[in-house]
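Engineer: Sending over a structure as C-alpha cells; questions will come in a sec.
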Amino acid sequence: MAAHQEKKLAEERKHQNMQNGTKTSQGQWGRAWEVDWFSLASILFLLMFAPLIVYYFIMSCAQYQCSLTDPLLDLLTGNKHLSDIWERTPMLTYRAAGIYSLWVTFQVVLYMYIPDFCHKFLPGYMRGVQEDAVTPAVVNKYQINGLQAWIITHVLWFANASCLHLFSPTIIFDNWIPLLWCANILGYAVSTFAMIKGYFFPTNAKDCKFTGNFFYDYMMGIEFNPRIGKWFDFKLFFNGRPGIVAWTLINLSFAAKQQELYGEVTNSMILVNVLQGIYVLDFFWNEAWYLKTIDICHDHFGWYLGWGDCVWLPYLYTLQGLYLVYHPVQLCTAHALGVLLLGLLGYYIFRATNHQKDLFRRTNGNCRIWGKRPEHIECSYTSVDGTKYYSKLLTSGFWGWARHFNYTGDLMGSLAYCLACGFGHILPYFYIIYMAILLTHRCIRDEHRCSSKYGKDWERYTAAVPYRLLPGVF
C-alpha cells in the first residue's frame, strides 16, 4: 500500500513547501495540496449540478425544440411535472450500450496497438514517444498517435456512408440520449476506478496528492498520471479519445440528420462542421504540443477530467450542430462570410500565438518573431533542494499584446461557432459563455501559480505585459 505511506508523508511535504519562500519546479507540479472553502463549494456545485445541466440542455432540444425557458415555465405553471418530462426521456438501450462499447473499444485498440504511419507522408508531423509533465516520481512519456486514430475512424465512417451501408450516418443522433447514459456510466466508472487506484495501487505513489477531503480528491483526482501498463495513460486517452475524435463524427451525424429531415444541409451546419473540424484536426496535429498544457502538466485525473471528457465535452461542445437539426438556419451570404472570417481569424491567432511561444522555447530565444529578435523577461526560481533555475518569459509578438492572447483566439473561434446558429435561441451561445468563464479562470489559476513560482520577476513581467486577454481592456 505505497499510496497509504505516501499519504502520511503529504503533510510533511506541504510543510516543507511552505517553508520555501519560492515554490519549486516540483513543488509546482499537480493540483493544490489544500482546499479552500470556495474551491470546495465550487466542486460540490459541479458534482451535483453539472450532470443535470447536460441532461437539461439535451432534453430541452428533444422535447422543447431547444427552448431553455419552456421546460421551467411548464413546471412552474403546473402544466407538467418532472415525472412527465422523465417519462418522455429515452432510456438506456442494448443498442446504445453496444454502439458505445464498440466505440470505446475501437479507440483503445487504435490508441494502443496500431503503429503510427502518418509521419511517413505528413512532413512536420510529430508523433511517437514524447516526454513531458515532470513530477517527483518520473519524467512522463507518452505515445502520440491521435491524428492517425482520427483519420482511420473518419475513413471508415465515410466508407460506410458511401458504399458499405452497415449503419445509418444518423446513428449518433438517433441514439443521442441513450448514448448519454452510456457516457455517464463510463465517466463515473473511470473516475471512481481512478480514485480507488490512487489509494490502493497507484502507478507512482509519489505522484499522488491527498487533501483529506473526499469530494475534492474525487473531483480533482489523486494520481497525477494513472496508467495501466506502460502506455495506457488515462489523461491522454480520455482527453483526446474517445471524446474529441467523436466530436467531428457527432457533427457529421447531425448534418446527415438535417439532410434526412429537410432534404438539404444548410450553410450554417457546414460552417459548424468546418470550423470545429479545423479545431479538432489542429488538436491532433499538435498532440505533442498539448502535452505542455495545463490538463497534462498540472491536472490530476479525477471526475473533472474523467466524466468531463466522456460527457461534458461531447454533449455540450456539439450543441450548435444539435440545435441546427431542430432549427435549420440558412444564413445570408454576408453573415456566413462574417462567421467564416471570424472563425478563421480566431484560429490563426490561436495557432500563431502558440507557435511563437513554442518557437521561443525550442530555440531558447534564438529566433525571430515578426522579423525581430524576441524580447523577454529573465526569471528565476528556487527548488526545494535549494537549486536555482532560470526561465525566460516572452514579451514579443502576440505575447507582448496580452499574457494569454492564445485564449483570445480560442474565444473568437468559439463565438464564430455560436454566431453560425443565428439569433433565435440562447442555447447555442452556451458554449461561448462557458468558454469565457473557463479560460478566464485558467488565466487566473495559471497566473497565481506563476506568481508563487517567480515572485518579483512575475511582477516585472506583468508590468511589461499588463493585459491578460484583451489588449487595452482586460
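Cβ from N, Cα, C; glycine included.
OK, TrEMBL features for this one:
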- 1-15: compositional bias 'Basic and acidic residues' (COMPBIAS)
- 1-25: region 'Disordered' (REGION)
- 37-58: transmembrane segment (TRANSMEM)
- 92-114: transmembrane segment (TRANSMEM)
- 147-167: transmembrane segment (TRANSMEM)
- 179-200: transmembrane segment (TRANSMEM)
- 236-254: transmembrane segment (TRANSMEM)
- 261-281: transmembrane segment (TRANSMEM)
- 301-319: transmembrane segment (TRANSMEM)
- 331-350: transmembrane segment (TRANSMEM)
- 414-439: transmembrane segment (TRANSMEM)
Engineer: Between the transmembrane segment (414-439) and the transmembrane segment (179-200), are there three or more C-beta pairs closer than 8 Å, counting only pairs 6 or more apart along the chain?
Structural biologist: no
Engineer: The transmembrane segment (331-350): which same-chain residues, six or more beyond its ends, come within Cβ distance under 8 Å?
Structural biologist: 266-268, 271, 274-275, 278-279, 282, 398, 405-406, 408-417, 419-420, 422
Engineer: Six or more residues beyond either end and a Cβ under 8 Å away: which residues meet both conditions relative to the transmembrane segment (179-200)?
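Structural biologist: Cβ under 8 Å, 6 or more out: 1, 3-4, 51, 54-55, 58, 91-92, 96-97, 99-101, 104, 172, 208, 217-218, 221-223, 226, 234, 238, 301-303, 306-311, 314-315.
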Engineer: Could you give the residue numbers and ranges of same-chain residues that sit at least 6 residues beyond the transmembrane segment (37-58) on either side and whose C-beta is under 8 angstroms from one of its C-beta atoms?
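Structural biologist: The answer is 68, 71, 176-177, 180, 184, 213, 215-216, 218-220, 303-304, 307, 311-312, 315-316, 319, 322, 427, 430.
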Engineer: Any chance the transmembrane segment (301-319) and the transmembrane segment (236-254) have 3 or more Cβ pairs under 8 A, given the pairs are 6 or more apart in sequence?
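Structural biologist: Since 3 or more Cβ pairs under 8 Å link them, the transmembrane segment (301-319) and the transmembrane segment (236-254) do come into contact.
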